[in-house]
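Enquirer: The structure that follows is given in the form of structure tokens.
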Amino acid sequence: MTLTAPRKHAIEQDQQDALAPYRNEFYLQEGSIYMDGNSLGLLSKRAEATLLESLADWRELGIDGWMKGRHPWFDLSEKLAALNAPLVGGRADEVMVTGSTTVNLHQLVATFFAPSGRRTKILADSLTFPSDIYALQSQLRLRGLDPAEHLVQVESRDGRFLDEADIIAAMTDDIALIVLPTVLYRSGQILDMERLTREAHARGILIGFDGCHSVGAIPHAFHDWGVDFAYWCNYKHLNGGPGTVGGLFVHERHFGTLPGLTGWFGSRKDKQFDMNHTMTPAENAAAFQIGTPHVLSLAPQIGALELFAEVGIDAVRAKSLALTDYMMTLVDQELTAYGFVIGNPRDAKRRGAHLSLEHPEAARICKALKAHQVIPDFRAPNIVRLAPVALYNSFEDVYEVVSILKTIMDEKQYEQFKNEREVVA
């Protein structure tokens, strides 16, 4: 598609956008365009309000805040799990808001990795986020297994994408567990989770997914697909705040499985304060909690998730696709002559919520964008990631970002910066 009047198109799309009013729910910095919601979502006024309410409960109630106040702390994780559940396609009792991404991965692998006989290996991929690999290596070492031999990583054919056929071919009779991303963090490719789950189960293998780059951005059906487990962060697309508590999903057929890592908050609620040294685990995903919840880190999620309950994930996905479609059209029209390559899937069914623009000068281009008050992120060695977020970005934002990129390239403004990443990229 070619747009003869791209700015007019952006204005028209914004005028027709049913989600446009939600932009006012967020703290947007004047003169700045935020395109990094796939790394850290912005603060909403509702998230700020529920954090302040929880602080007020602490101030006014002290320890009674566990059972009283605006948002009682004792069952806050369960309340948030119920709000998370529609976003991942799980039942409320299959979801728990607890831990962090990597802690939850440790918990789930400690629970579901049961090497026996020939099945002693974990299958992952070569493009996943490094922390997942570190955790899998650690879990193997704890079992006395050498990661060099027992961690199998499916290679990418082109450095961008994974082929499900290659993953399925690697599901051999020595694999005990599979852990894969829902969406690749660099290229934004969506894996076919339903197909991979079906193929894994046909071979007697349990499978789990890292949903950090998909939860809050695309619909899921973890329960219906039969996914064994999943885990994700709540600070990217869900706007829960830096380092906020993560989430996990455990399919109901695994209820009653003793968690690999146990702690008192995994107890059945009515038994927790019996203080018995024999644990009575919760009978659902709540059993996978370990310690006391980080209440002030949970609190912003109350307001943040209320927005998703109002809007619905399908509406978020529809606008996200429209934004990224528009951005790809502009990149094709305006930036290919400068050496930019679109490194994400173009097919809407395979594309997550961000664009992956490849360029040899990516690090310097990101710094030049920041000098123009555009916030992207950089992934070595050559990727500029841009994530127009449905709840707070506009089509005109997308137009402005591409226009600024064109100016940067026309005037070679990037040359004043070093082509190396910053400490936090």
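Using N, Cα and C of the backbone, Cβ positions are placed for all residues, glycine too.
So Swiss-Prot lists these for the protein:
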BINDING   THR101, THR102, PHE129, PRO130, SER131, ASP132, ASP210, HIS213, TYR235, TRP264, THR292  pyridoxal 5'-phosphate binding site
MOD_RES   LYS236  N6-(pyridoxal phosphate)lysine
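Just tell me what is around each of these and how deep it sits.
Expert: DSSP classifies THR101 (pyridoxal 5'-phosphate binding site) as helix under the three-state reduction.
Non-local contacts of LYS236 (N6-(pyridoxal phosphate)lysine) by the CB criterion (under 8 A, 6+ apart in sequence, same chain) comprise GLY37, ASN38, SER39, LEU40, GLY41, CYS212, HIS213, GLY216.
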Enquirer: Taking the Cβ of THR292 (pyridoxal 5'-phosphate binding site) as the centre, how many other Cβ atoms fall within a 10 Å radius?
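Expert: Excluding its own Cβ, THR292 (pyridoxal 5'-phosphate binding site) sees 11 Cβ atoms within 10 Å.
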